[in-house]
Every structure is written in structure tokens, then in C-alpha cells.
Amino acid sequence: MTKISKITLPLTIFLITSLSMVLNQAGIDQLGHSLRLKLVEQPFTPLLNRFGLLGSVEFMIICSLVTISYLLLKRYYLLTFLFLSVNATGIILNFFVKILFQRERPGSERVIRLFNFELELASYSFPSGHVMRVTILVLSLLYLVKFLFTSSKKILLNGLAGGCILLVALNRIISNAHFLTDVIAAISLSLTFFYIIIYWFQSTKFYSTCSPPS
């Protein structure tokens, strides 16, 4: 897949999903509702519910602190800045897109929670914050691993990354916190945003100074 297609394909999916939501075309969300009804009574559902933690702000903060500490210890200052910028800007982007569309959630979740505290901020549904956070975080970590380490297990790493994102996405649907279109939009927007930032970074003079270990 070319660099352009890695940006344009998810961007097209995001635009189609957004248009479907704005025009109130409920076909995709009805499919998600049917999926939820089939999965909610399955014996593995309680375990699946735990994977929502991977997209929480708390998990992202802890994982980010560990990653940043490692990068600073190894003196990868530009990569530290890149990691921080991608993830922090992704959160801001998600917030503004939520405000732009202001879609109500399908379930009862209406406030933002952080370390068991409820913040008095409107928590809109489109796109999913959990899914967008975990997608950008996983993509960032995957990029760092591939950049800094010589690994022949790229297929395994890609599979693990995709699995984490899928599990969080299913969790948000099964818990009735989001519509299916919220999840699709979150993943597609995250991919678009991430590759724009990464390809811009690779085009700058700073990229050559971040040489991985030989």
C-alpha cells in the first residue's frame, strides 16, 4: 500500500461514515446493534468487557509515561517529542470532532471519568474516544518498536496491534457506549491522522537524526 493510499483510504472511510451519521442512515448502526445482541450473552463477554481499560485515559497515561521514560533514558529526545505530539494532538482532535458532531451516546454514559473522578464535561459519542486513543497509542508504539529495534516478527506485531484495537472496539459496542459508526470513524480518523504526522516527520531533516541502533 502506498503512502498516499494509507491516508486517503481511511480518510474516505471516515468521510463516508460521517456522512452516513449526519444523514441518519442507520444501516451500519443497526448491524452493530445486532452484533451487540449476539455477543452480549456470550460466556466470554465479561472478559471482553475488561479490554475497555486499554482505551482509558488512565491506561494511556501510564503507558505513555513508561514509553517516555524509556525514550528519555535512551536519549531519543525527538522521538519522545513525536510520541507526545501524536498522542496529545490525537486527544485534542478527538475532542473537537466530538464537539463538531455532538452525537448523543446510545447508552447511559454521559460524563468523562478519570481515575474514578467524574468530570463535568459533555461526553459525546462520535467518534469513540476510547478507540481513537488506543488506535493512536498502539500505532505509535508499533512505529517505535519497528524503528528502534530489528525485528523479523512484523506480522506478529501487526496482528497484536490490530487485535488490541479490535477488542477495545468490540468492548465499546457491547457495553452500549458507542454506535458501530463511532468505532469505525475513530479507527479511520486515527489512521489518517497518524500517517499524516508520521509521513510529515519522515520528510523533515529531523528524521535522519533519529537513527535506530545498528
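Glycine is treated like the rest: Cβ placed from N, Cα and C.
If you look up TrEMBL, you'll see 48-73, 80-101, 121-143, 155-174, 180-201 marked as transmembrane segment. Taken from TrEMBL, the feature domain 'Phosphatidic acid phosphatase type 2/haloperoxidase' applies to 78-198.
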Confidence summary for the domain 'Phosphatidic acid phosphatase type 2/haloperoxidase' (78-198), mean pLDDT rounded: 84
Non-local residues, at least 6 beyond the ends, that sit with Cβ under 8 Å of the transmembrane segment (121-143): 18, 21, 52, 54-57, 60, 63-64, 67, 83, 86-87, 90-91, 94, 97-99, 101-106, 109-112, 157-158, 161, 164-165, 168-169, 171-172, 177-179, 181-183, 185-187, 189-191, 193-194, 198
Residue numbers, six or more beyond the limits of the transmembrane segment (180-201), whose CB comes under 8 Å of its CB atoms: 3, 6-7, 10-11, 13-14, 17-18, 20-21, 28-29, 31-33, 35, 82, 85-86, 89-90, 93-94, 97, 103, 125-132, 135-136, 139-140, 143, 165, 169, 172-173, 207
